[in-house]
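A short worksheet on the structure shown next.
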């Protein structure tokens, strides 16, 4: 009988020391310090559950993945289209298994952490056995927590969508989530006190009483916010190395569970001591199953930590299914139009800003750079990317201040990699004023990798006045370093009421500054008030220096192709691959219709266009230079809606046609040899498409796409997508 009498004072002293330690303030930091100190002893429940789950999930994903909706984007598996039923089933199974695993791992780790905090060693097997025994109570707690979260989200949705109160919706949601945080203490109540049914939640809120907000913030930061921020920070720091990123993120996610569990356990014990309940505290400590500590085996622990990341990263690196690999960069633009890139402010001008309707064209610039032409109602700008991935970009003004922004800028890439741009210069006094003396002069700007400067050519290439403002332009580079400028302008005729003739002229320049130029009229088209401003003009020059000009009627969908028999365009021939059609007029047709032109090595044009009748994207492979005869390929599915297409032609004769499938929310590239085409989805439209898409080939003959993803009325992002392994 003497042994219990001798041990009782020691046990009481141990309990008093533990209660004193749990009463200390700074619960969050003390819990994190304890978790770091005992991390190796707290990890086994997590490592026994999640690495085997990943070992099963990754191979299963490779079995069910659909190549048309999945790609490797920036070193990670990502959906680029609507997932098929097998992928949805896999996702649901992984979600259920992960939730079940967390329902076991977190409570078991809370039990281990409580033992470590009170000086008792609880074995992993005992912790898991007790957790399994209390799974019904944990399942009931999980169900009630899900109901609480659903109710909070319903309130948020009602405020955001029903009442359109965005700020109020997020404020209310934040407050409600904070008020729900004490529910996490119910995990410790179930595991340490053995309560079930509704008891744990009521008990948790009683313990939080008197310090409700302190308890809520401690749990919010310690269990939710800090672990999420740590995972995101590691992913961001290792963004350039996919294997390292996957491994580091998985390690941080696994290690985060012991820290979360220790915060829950310490806060529970702290609130218990603060309420002055030593008997309850002692009963919990005495109820912990004690055992002798076993030696630590670092190799299995390290293997368990690294296995998920290595398995996932290895699958991405090896890419056994040969999924498309894509580089994607998102350039965020603020509501005021300021992009998250370097912005040039030389010359004392204001900073250039962007609007979502300004994306016009993309070119392969000097030194592997990619350059996007941005042009709207103000002076044009250039967004220059350091490489095809556009990880680093710079925005500069391309035009001087005194320009007529109403006229769109035409551009062309010169043989030396510089860009030539058209600009309509006006006098300073007419920047904001129009009268009968207003006029604009067409000049050229030459842009290198640093800035744009006016070309020295004079007199101007064209001139418009207040009385005759209509002018449509197209610019193309000649293989010898010169330029080709195509112009379409109306000439009134008095034979028919409101009728006029639209004249297409071609100016050929022997040098980029257009100091030596020749102008020839190459075609005349009948016009009227219905066709004015409805023409799109596209020009290209073949390897033999002979130009081709395409006039596309955005209203009727008709095409007129004018092919020059010599570089100076003194002799021409004309073809009409698409006839005029009598179609009812409606306001959106001219916005949707669009055509692009390229010339093959043998001089035959290649045309891609969006049909004005049914929105289909079609390819014309011309059989002669004037495109009087052509093979046709429809690149899209019938009934789907699509954006304006973009066209690029590789040196080996392959045609790349990019467009957006708006019904499936995908960016698609069709790779064509002749009229045989293969379609490949390359990106997912996360919000709203059809706000601009352009494409160019980089120095490795890979297509690079720039496109706008509109988030809301005043929010949008510019996405640069580069398919790295497109075949």
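Keep in mind that glycine also has a Cβ here, set from the backbone N, Cα and C atoms.
If you look up TrEMBL, you'll see 46-65, 87-114, 135-161, 167-192, 204-226, 246-269, 299-318 marked as transmembrane segment.
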Q) Considering pairs 6 or more residues apart, do the transmembrane segment (167-192) and the transmembrane segment (87-114) have at least three CB pairs under 8 Å? A) yes
With the cut-off at Cβ under 8 Å and a gap of six or more residues from its ends, the chain residues touching the transmembrane segment (46-65) are 77, 84, 86-87, 89-90, 93-94, 97-98, 101, 104-105, 109, 124, 128, 250, 254, 257-258, 300-301, 304-305, 307-308, 311-312, 315, 320-321, 323
With the cut-off at Cβ under 8 Å and a gap of six or more residues from its ends, the chain residues touching the transmembrane segment (246-269) are 22, 27-28, 30-32, 34-36, 38-39, 42-43, 45-47, 50, 54, 75-76, 102, 105-106, 109-110, 112-114, 116-118, 184-185, 187-189, 192, 207, 215, 218-219, 222-223, 226-227, 230-231, 234-235, 237-238, 281, 284, 304-306, 308-310, 312-313, 316
